[in-house]
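Lifted from TrEMBL, the feature list:
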TRANSMEM  9-32  transmembrane segment
TRANSMEM  44-64  transmembrane segment
TRANSMEM  76-99  transmembrane segment
TRANSMEM  132-151  transmembrane segment
TRANSMEM  163-185  transmembrane segment
TRANSMEM  205-227  transmembrane segment
TRANSMEM  239-260  transmembrane segment
TRANSMEM  288-314  transmembrane segment
TRANSMEM  334-353  transmembrane segment
TRANSMEM  359-382  transmembrane segment
TRANSMEM  394-415  transmembrane segment
TRANSMEM  421-441  transmembrane segment
Amino acid sequence: TVPLQKQMGLFGGTALIIGCVIGSGIFVTPSVVYREAGSVGMDLVIWGLGGLISFIGGLCYAELGSLLPASGGDYAYFCAAGKVLPMGSGMGAFLSAWAQFTVTDPLGAATQGLAFASYVLRPIYHTCNPPYLAVIFVTATFIGLTTFINCISTKVSAQVQGLLSSIKCLVLISIILTAAVLSYRVNHLTDVPLFANTNRDPGRITLAIYGALFSYSGWKSVNLVAAEMTDPHRQLPRAIAAGLLTVTVIYILTNVAYFICLDGQEMLRSEAVAVSFAQATWGVKATILVPIFVSISVFGSACAGSFCSSRVVLAASRQGHLPRFLSNVHAESAVPLASTIVRGFLGVVYAIFAGSLDALIEAGVFLDSIFDVLGVVSLFVLRHTMKETPRAYKVPIVLAVVRLLIAMGLVVIPLESAARYTPYILVLLLLEAGIIYYWLFVDLKLRLPGSDAFNVFVQKVLFSAPCANELEDILAVNKVL
């Protein structure tokens with residue numbers, strides 16, 4: 001077997017979080033959040049609340065990640081917590097990996113690719129909608145390039161993340177500084193009272209929070225690659241705190257900048273808020289820079305997402321929960337080539353058949369909220385089963401309970417007041433399909449004809465070998481059988 005290489009430090013981990021979180025969301029969802037919030041004041045509160053929710057979640061995952069520095073994030077924690085259930089049930093762990101493998105990650109890749117294509121093609125087609133084939137071609141090229149970069153090596157991926165994260169922060173800071181300079185002569189924040197027309201419907205406020213959380217999604221990224229950090233016990237909690245605090249401050253100030261330079265109606269009408277901002281501040285000619293800036297931001301987020309998500313598939317496949325050929329890593333670089341390539345392929349497929357952005361956001365955040373609940377429950381379980389294991393960080397129990405209640409609310413409230421149930425029905429159908437797969441191929445251990453030969457074929461073509469399982473080693477040392 002080939003062990004994963006430890007080549008990521010504190011800066012790399014922090015850059016990975018910033019790179020994963022700051023993507024298309026801050027350029028796509030501000031109008032969605034504002035529409036559901038109803039007022040500027042509530043909009044800014046929701047962006048701050050999204051950061052706070054993510055930060056509290058980050059504190060919980062800082063404890064989990066330093067306790068179990070293994071690849072897979074949620075999947076690894078659910079596996080460890082599931083050991084105390086009857087017959088060592090791995091259903092929760094499997095469903096988290098299944099959902100990420102089949103829905104949340106491909107949807108994320110598709111959304112990023114389509115956003116990239118939209119901004120790249122905008123200067124070419126101006127006010128016209130670009131042809132469907134052109135959008136798909138650019139999206140597929142985008143996903144293919146991010147996949148290629150992450151197939152080179154962990155070190156190269158970390159270096160790319162550091163560079164792109166710095167550029168993304170500079171772009172958003174330029175928006176903030178522009179608004180600060182211009183605020184003396186134009187300030188739409190004072191057009192109406194901050195909380196005028198605030199929506200009182202809990203369902204719509206929850207959807208607004210969903211939009212903000214979509215822009216914060218990715219904060220778990222460094223937990224997925226904890227096994228590749230040089231000192232995860234110390235570096236992982238610090239990377240989570242530094243990354244999330246940086247993103248939260250930048251997001252709130254960026255939204256303030258939007259509201260200073262754009263009035264409410266412009267915010268609601270705009271599908272590309274950054275372009276509208278550039279037209280209002282930098283001039284029409286300067287708007288050509290916006291697609292470049294946004295494309296860099298989205299590209300960096302997609303690179304980080306590809307790097308992290310392939311590790312979940314790797315972790316699940318080496319436990320026998322997903323096809324075995326996905327557990328192979330390159331014999332020299334230890335990069336999970338098979339899972340990275342399959343992830344890219346599924347992203348292209350989802351881009352071809354993607355529907356509305358709102359539905360993608362609802363389905364993705366709904367699934368994440370379900371597994372956030374299980375993540376905090378796993379924290380409580382592991383405090384009992386691994387209570388003797390030293391922890392570099394221990395989240396206050398009050399914050400863990402608050403995070404659990406928030407995650408439960410984000411699951412229940414939309415179901416009670418949803419205007420459409422299609423995204424939630426599709427999520428439930430997906431989970432049911434996962435349960436059937438688990439019963440057939442994990443419980444009953446059915447094998448498809450030719451699966452062993454295909455695994456050997458993949459190993460030869462990709463010069464790969466099975467990956468060492470550090471999770472089982474950690475659990476064995478701590479006597480979690």
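Just so you know, the numbers here start at 1 and follow the chain as drawn.
Cβ atoms are placed via backbone N, Cα and C, with glycine included.
When Cβ-Cβ distances under 8 Å to the transmembrane segment (334-353) are tallied for each of 132-151, 205-227, 239-260, 394-415, the top count falls to 132-151. Sequence-distant residue pairs (6 or more apart) of the transmembrane segment (239-260) and the transmembrane segment (163-185) include at least 3 whose Cβ atoms are under 8 Å, placing the two stretches in contact. Across the candidate stretches 132-151, 288-314, 394-415, the maximum count of CB pairs under 8 A to the transmembrane segment (163-185) is reached by 288-314. Beyond its flanks by at least six residues, the transmembrane segment (394-415) meets 53, 56-57, 59-60, 62-63, 202-203, 206-207, 209-210, 213, 362, 365-366, 369-370, 372-373, 375-377, 379-380, 421, 424 of its own chain at Cβ-Cβ distances under 8 Å.
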